[in-house]
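Please read the structure below before turning to the comments.
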Amino acid sequence: MHSLVKPVLFFVVVRIVQYAIISLSPNKQFDLSTNLLLAKYCSEQETQQFWHRHLFNKLLSWDSVFFIKTAMTMDGYPEYEHEWAFSVIWSSLIRSVSPSNNFYTVLKTAVILENLIYFMAMITLFYLTRITFGKLDKSKTHLSDKLATFTAILFSCNSGSGFFTGPYSEPLSFLFSFLGILAREFSVTPIIPYGLEFKSSKIFYYTIVSSFCFTIATLNRSNCILLGFYYVFDSIYLIRRQKYKKALLFPVLAGCIVALFFVRQQFYIPYKNFCELRGEWCNESLINFKPLHFLTRKSLYSYIQSEHWNLGLFNYWTPNNIPNFLFGLPTFVILFSSTFYFSRVYPNYKLKPLIFITRAFTIIILLFAHVQIINRISTFIPLHLWYISDRFVKFEANKKMTGDDWIVKGYIYWLIFWVPIQTSLFVFFLPPA
C-alpha cells in the first residue's frame, strides 16, 4: 500500500493542475458545437453561472459533445448516423449513473465518473505491473514495486490525459483492458524459459472474467478487439502441445465470447436497425445466406469512419496532415521502441502477445487512421509505459545512459511540455483531436 502513495498524490496534483489550466483559460472556443449543445438544453442563466462558465462548459469539447448529447436523448441512442461512432456504452453509463436528466447534473456526473474510472485504471495498472514483472523474476520483487510505482505515475500524465479531464470514453476501456490482462496473468503461470501453465482451478478468471473485461473494453472502443490476440496466442500454444481440452475451455471459449459480442454490436444490431430501407454498406453481405446477411463487408462503424472521416489505407497521408503526424510521432516512436526492447530484453511468453498487439495497433493507426489519435487511445496497451519505467529503474540503479535511455528521456521531456499544451488546446476546441 505504501508504494501507492506516490502515484495517488501525483494523480491528484496532475488533475488539480490540469483543471486549473482549464479554469484560467479564456472562455471562447474555436468551434460552435458547445454553444449549440448548451443552447439546446440550458438557459442563459444556467450557462453563465461561475463554475459552469469557467470549467464545465469548457469540458464540452470534441468527442465529449457527442457523449453528453447522446446521454441526454430520450431513448439513450444517438440522433444522427455519424454519432454512432461514439461509444453508446459510455453515454448509457453516464445516463444510468446520473441522479437526474438535468444537463449540468449529467455533465458533472460524467466528469466525476471519468475521473473515478481513470483513477481506478491507474490502481489496476499498478497491480498488473507488479504481478507481471514479479512473476517474470521473483528474485526482484522490490524492483517490480518500483516499476509499478513509476508506471502508475506515468499513466496519470499519459499523452492523452488532457482529453480525460472531460467526459471521454477511453479510460473505461483502459480500466477493463487492464482488468482483463490482470485476470489472464492471475490464471497463467510462466514456466522458465519458454512455457505457460494454465491452471484448471483458475478457469473462471481466464474464461469468464478476462473475456467479460475484454468485451466491455471492445464494445466501448473497437480498437480493443486486438486484445483478442491473447486468446489466439494461447490457443496456438496449447494446440501445439496437444492440450486440446484446455485450448477449448480456456482461450477458444473466451475468444468466442468476445467475438460474438463484437459481431453483435458491430454487425447484427446495426443491420437490424438500419438496413431494411437503405443500400450502401447494407448491400455488401459476405455470405449469401439470409440469416447471416448481417455479416457485411463493412460494419456500421467502419462505414461511418470512411464516409464521414475519410478513414482508409493512406487516406491521411497528405501534405496538410504533416503537423498531425508530428503530433503523433513521439508516441509512435515510444510504442515501436517498447516492442523491440521487450523482444530483446524479456523474451518471455507472458509478454509476447502484448508485443504483437502493440505492433499491430501501431501499424493500423499509422496506415488507416487519423494518426494523431494515437496519443489518446494507445494507453489501453501498457507496454510502452513498462518500457519507460523499466529504463528509469535500471538507469537509477547503474547511472549509465543507453540508446533506449535517450529515447525515454526525450519522450518524458516531450510529455512535460505536451500534457499542459494539449490540455489547453482541448479547452479551446483546437486540434489535435
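Note that Cβ sites are derived from N, Cα and C of the backbone, with glycine treated the same way.
If you look up Swiss-Prot, you'll see 4-24, 109-129, 148-165, 172-194, 204-226, 247-267, 322-342, 354-374, 410-430 marked as transmembrane segment, on the strength of sequence analysis.
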Outside the transmembrane segment (148-165), at least 6 residues beyond either end, the same-chain residues with a Cβ under 8 Å of its Cβ set are 3-4, 6-7, 10-11, 14-15, 18-19, 22, 59, 62-63, 111, 114, 118, 121-123, 125-127, 129-130, 133, 171, 330-331, 375-379, 382, 385-386, 388-389, 392-393, 415, 418-420, 422-426
Counting only residues at least 6 beyond its ends, the same-chain positions whose CB falls under 8 A of a CB in the transmembrane segment (322-342) are 159, 316, 351, 354-355, 358-359, 361-362, 365-366, 370-375, 378, 381, 383-384, 386-388, 390-391, 404, 407-408, 410-411, 414, 418, 431-432
Same-chain residues at least 6 beyond the ends of the transmembrane segment (410-430) with CB under 8 Å of its CB atoms are 14, 17-18, 21-22, 25-26, 28-31, 33-34, 58, 61-62, 157-163, 165-166, 330, 333-334, 375, 388
In the same chain, residues at least 6 away from the ends of the transmembrane segment (4-24) whose Cβ sits under 8 Å of its Cβ atoms read 54-55, 58-59, 115, 119, 122-123, 126, 149, 152-153, 156-157, 161-162, 165, 419-420, 423-424, 427
